Structures are given as structure tokens and as C-alpha cells.
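Worksheet: the structure to be examined is printed underneath.
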Amino acid sequence: MEIIRVKNAEEGGKKAFELIKEGMAAEVKTLGLATGSTPITLYQEMTNSDLDFSEMVSVNLDEYVGLGGDDEQSYRHFMNTNLFDKKPFKETFVPNGKASDLQAECLRYDDVIAKHPVDIQILGIGVNGHIGFNEPGADLEGKTSLVHLTESTIEANKRFFDKVEDVPTQAISMGIGSIMEGKQLILMAYGANKADAINEMINGPVTNHLPASVLQNHANAIVIVDEAAAAKL
Ligand code: GLP
């Protein structure tokens, strides 16, 4: 793992943007994208840039079960408003959280990933070390699946909802096995509440108790951390 220390989220977003820009100047065609507060500064860099994404494909990590693209808290809506509406891509994929057959939707999404292998995968990290919505205990070789969110994740994500009861308890998430197939992984983490997870991810054992630790096994994983998130390294 390569660790890049930055001052704050703004500098982190610029660093990640540079890596994407370099990639696009070479062979990169497919970006694996993430939601949450962490990638927002990166998406700002992308939308403010003069880069053209109209030949690029994106494959997002996850979506809440029960929320459609019209729901303001859905990850589809987040991606549209923070990036795609401002910088059109050729094609964008996000799991369908309103699919009537959720198992079939997982298989469909695996097919999307197989047809569009991810060149650069952007990742955030949960306070409990989850990536995508792969919570502690997840299969480190797993494919797309229907997942149950932990109390800690529901608690952390309730800030985006009116009340905690509104936070969906299930999601569809790209699996860790598929995430690891991305040619390059860029995980970003900002803020003191990520310091323990970042330390465990880098210095702890590779274990599904802290899913992000699996990045230790990836040949091209870059971690961008601000001072607060790096405080326990
Ligand atoms: C959610 C997303 C993750 C994200 C995490 C952290 O659980 N599924 O992809 O990394 O939140 O979010 P934040 O960046 O807001 O801390």
C-alpha cells in the first residue's frame, strides 16, 4: 500500500484527481465510484476541471435497498447531483435499490462489473472498516450481494436522513472480491473518526473483521489520508 498524507480533504481531492487525470491520459476507461462525504472534494475537482468524461464509464459500489433515483438520499441521486449532471459520462451504473428481485439484481450487477472491468476504484472507509457496504464479517472474495447494515453504519449515515428510522437497513453492495479486481484502488479517509480504522487497515492483520485490511493484498492500492485520519499510524 502506498500512503499519501495530505493536509485536508481539499488537498486529498486534488491528489486523487491528479491520479485519475494521469490514468485517463493513458488507458483508463472505467472508474469505480463511491459515495459518502469523503469523495466530494474529488468530485468537485472533476466537475471544475476541463476533463471530458463523455467516453468514460462508471460503476458505483452500492445502493440502499428501497430507495430509487428520485429519493434524495439514494446513492444514484448523490452521484447525479455531485457529478454526472455536471460532467456527463458515456454510461453510469449504480445498483437498483428498488429492484423487485434483489438477488437477480445482484447477479445483473456482477454482469455489469464483468463487462466493465474497473481501472481505478475510488473508496471511502466506514468507521468500522467497511468498504462499499461490506461490513465486518463479509466474505473477502465475495461478489455483489444483499447486505444488512450494522448499527454503527446506520448511526454514521443517519446524518443524511431526517431521522434514524428512515435509514435503510439493507443495501446492495459490490463484493470485496470484485473491488479487489480493480486495477488500481484509491482509498481516501479524512477526519479523526477514521483514525482507528486507518491504523487497523494498514498495521493490523488482513481480516474480514476489518474489511478494508484486504487492501494490503492488492498490488496497486493507494491510501490518501489527512492529518487527523493518519494520527494513529
Ligand atoms: C457509506 C458508503 C461507503 C463510504 C462510507 C463512509 O457506508 N457505503 O462507500 O465509504 O459510507 O462515508 P463517509 O465518507 O461519509 O464517511
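Glycine residues also receive a Cβ, built from the backbone N, Cα and C atoms like all the rest.
As recorded in TrEMBL:
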DOMAIN    21-221  domain 'Glucosamine/galactosamine-6-phosphate isomerase'
ACT_SITE  ASP62  active site, proton acceptor
ACT_SITE  ASN128  active site, for ring-opening step
ACT_SITE  HIS130  active site, proton acceptor
ACT_SITE  GLU135  active site, for ring-opening step
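Recorded features from TrEMBL, shown on the structure.
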| residue | record | DSSP (3 states) |
| --- | --- | --- |
| ASP62 | active site, proton acceptor | strand |
| ASN128 | active site, for ring-opening step | coil |
| GLU135 | active site, for ring-opening step | coil |
Active-site residues ASP62, ASN128, GLU135: those with Cβ under 6 Å from an atom of ligand 1 are ASP62
Round to a whole number and give the Cα-to-Cα distance in Å for the pair HIS130 (active site, proton acceptor) and ASP62 (active site, proton acceptor). 12
Between ASP62 (active site, proton acceptor) and ASN128 (active site, for ring-opening step), how far is it from one CA atom to the other, in Å? 17
Just the number: how many Å between the Cα atoms of ASN128 (active site, for ring-opening step) and GLU135 (active site, for ring-opening step)? 8
Give, as a single whole number between 0 and 100, the mean pLDDT over the domain 'Glucosamine/galactosamine-6-phosphate isomerase' (21-221). 97
